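Visitor: Feature list, courtesy of TrEMBL:
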DOMAIN    A:19-433  domain 'DUF112'
TRANSMEM  A:6-33  transmembrane segment
TRANSMEM  A:45-66  transmembrane segment
TRANSMEM  A:120-138  transmembrane segment
TRANSMEM  A:145-178  transmembrane segment
TRANSMEM  A:198-220  transmembrane segment
TRANSMEM  A:253-275  transmembrane segment
TRANSMEM  A:323-344  transmembrane segment
TRANSMEM  A:351-369  transmembrane segment
TRANSMEM  A:381-402  transmembrane segment
TRANSMEM  A:409-439  transmembrane segment
TRANSMEM  A:459-481  transmembrane segment
Amino acid sequence: MLNDLLIAFQAVATIENFLIMAAGIWGGVIIGAIPGMTGTMAVTLALPFTFYMQPIPSILLLVALYKGSTYGGSVSAILIKTPGTASAACTTLDGYPLARQGKAGKALNMALYSSCMGDFISNISLIFIAAPLALLALRIGPPEYFMLMVFALTTVSGVSGRSLILGLVSACLGLLLATVGEDMYGSFRFDLTLDMRGGLAVAPVLIGLFAIPELLKIVVFRNTGTQKAMQLGDNRVTREEFRRSLKSMLKGSMIGVVMGAIPGIGPSAAAFSSYGEAQRSSKNGENFGKGEIEGIAASESANNGCCGSTMIPLLALGVPGDVITGVMLGAFMIHGLTPGPMLFETNLHEVYMLFIGMLFSSVLLFGAGKATMRFFSHISRIPPGLMAPIVLILCLFGIFSISNSMYDVIVLLAMGVFGFFMFLFAIPAAPFLIAFILGPMLEENLRRALAMSRGDPSILVSSPITWLFASLAVFVIVITVRQQLMKAKA
Amino acid sequence: MGITRGVMVTVLFGIVLFVMIPIYVPRPSFIPGFAPPPDMWPRVVSMLGMVLGLLLLGLSLSKKTEAIADPDSASEIRGNTPLRTLLARFGLAVLAFAVFVIAVELLGFLLACILLLGAVLVMTGYWRHKWISLSVAVVLPLLLYLFFSNALNTRFPAGTLLRAFGL
């Protein structure tokens, strides 16, 4: 294996490949940092250009765009409280408060360090444990999936706000909104208009929920006093801060690797689960959500930890885990490579080239992140009264261009107003979002499980894996309620 | 605050459960009896939401338990501004969004965006820097329009009114 890796190393280490990967990472970071422009959009738009390239450079370009955009999402999450991508929503919780304290640079640096670490560990795991993890993921059926997602949602609801009940209310709202559109039997639910039959896309809901309420807050409360605090300010992560966050980074990377390897779970759920775990186990748990650097380390290491491992089911089983890997599957096919167990036999050289290229891209991510940070730091100098309307226009153009649809723009604006009401009632937005993303899978797996058991709900606790996740969910609820009761007494 | 929120949450999920699901979530006849129907999941979620709403309401009734249900208060940032002013500002912002959607049909995406950006800049109070605001309101949408339509081939709505005038 080592010999094969060395040969692949020689083949990948060309100027041309480096330039392609650097361009991909750089482009991804910029696109990910612009609200309304998603990683999916970046990868999809680049796909036609890869037709004219060699197979491996073209896949590396797409992977680089994916990684870059995953990190890029954190830049706007920290600087303007608008996550560029869904997976960066969790970074907003601590990144923005840090930016308001005049430590945006510190938050961005920590996001970069943890993203690179998560990314590197993810790539290593892809190389060494692809096959065993893919086998494990294969054994997970609908009841296990359902319980896994219930656990993820419970964790998110518990950690996102300061009240578990409000977190659960938010999750219920998200789950309900996710039912709009066509269901698994082809019937339509809540189709108040014809457009609603297609459901609500993630991008307008996400951007609407996080970006537009910020504008409305400025318009309604004229609260523009954040300008000074938004300066890049202190940008050094001290050795002590890094050491303190290392445990969360490593844990987050592993959570990202495992959750990324399971099709459908993805970086958003991984980031929130990692954040919840970090908050639970940290000595500074009560500071999470107020600008705790460990929170950024946890969420960013987890979402980038998914980047390499989402390739595990794709390469080993031929199963794309999310939209981006779905696009990559298309790219593989276009170049005559069929992902799946046979790929490791027929195209082992290409697989190793891809592995090596992905390792290189972690280093490039670090360089591009450092350079882009300085570039994007200028955003923080724009007054909120000007910045918020600019973000609105960026969102409008970005959202419209995804599917050339005014319906998505209306959803964006409506979600913004809804998000503002949620803010007024102190209902946290993060559980809503993650429930909205996981909702269709959660429902589908529940209904499949119940159909398998002919309506017997005991199937949901029929295996050790379901018991494990159910117990973890109960554990999270008990711990959170206990903490809140203690706080209320104090 | 806590009581209002509890009532709002309960009523919202109640409307979904008792009004919207019966009308907008049909049960197709072809689904086999043992398979969960399409309305099963929305009903479960709505019922859970109602229970949580009632719980919020119940907790807010007592001073001792209120802290569990009401950790934050958004009213803190309201300051001394009268509620009527706040409502008027919010109403204007929503009106601007609604006008934008209609304006896209009539004037096209680009012009509607320029108008919306101008209006929002006035509402945020940044309009006192007139020349910067005016330049941003015109140049930014124009640049984005050129980028998206040329580089990404996005086809933006042209606007029926402008088309009628041959523009």
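The backbone N, Cα and C atoms fix where each Cβ goes, and this holds for glycine too.
Help me picture where these features are in the structure shown.
Guide: Along the domain 'DUF112' (A:19-433), the predicted structure has mean pLDDT 81.
Beyond its flanks by at least six residues, the transmembrane segment (A:45-66) meets 11-12, 16-17, 20-25, 27-28, 31, 39, 307, 311, 324, 327-328, 330-332, 334-337, 350, 353-354, 357-358, 361, 364 of its own chain at Cβ-Cβ distances under 8 Å.
Outside the transmembrane segment (A:145-178) by six or more residues, the chain places 93, 199-200, 205, 262, 264-265, 269, 272-273, 275-277, 279-280, 288-289, 422, 426-443, 445-446, 449, 460-461, 465-466, 469-470, 472-473, 476-477, 479-481, 484 with a CB less than 8 A from a CB of the stretch.
Cβ atoms under 8 Å from those of the transmembrane segment (A:351-369) belong to residues 4-5, 7-9, 11-13, 17-18, 21-22, 24-26, 29, 56, 59-60, 63-64, 67-68, 71, 112, 115-116, 119-120, 123-124, 126-127, 308, 311, 315, 343-344 of the same chain, restricted to positions at least 6 beyond its ends.
Taking Cβ pairs closer than 8 Å, the transmembrane segment (A:409-439) reaches residues 86, 89-90, 93, 149, 152-153, 156-157, 160-161, 163, 166-175, 177-179, 200-202, 204-213, 215-217, 220, 266, 268-269, 272, 395-396, 399-400 in its own chain, all 6 or more past its ends.
Within the chain, the transmembrane segment (A:459-481) has long-range Cβ neighbours (under 8 A, six or more residues past its boundaries) at 140-141, 143-144, 146-148, 150-151, 154-155, 158-159, 164, 276, 280, 446, 449-450, 452-453.
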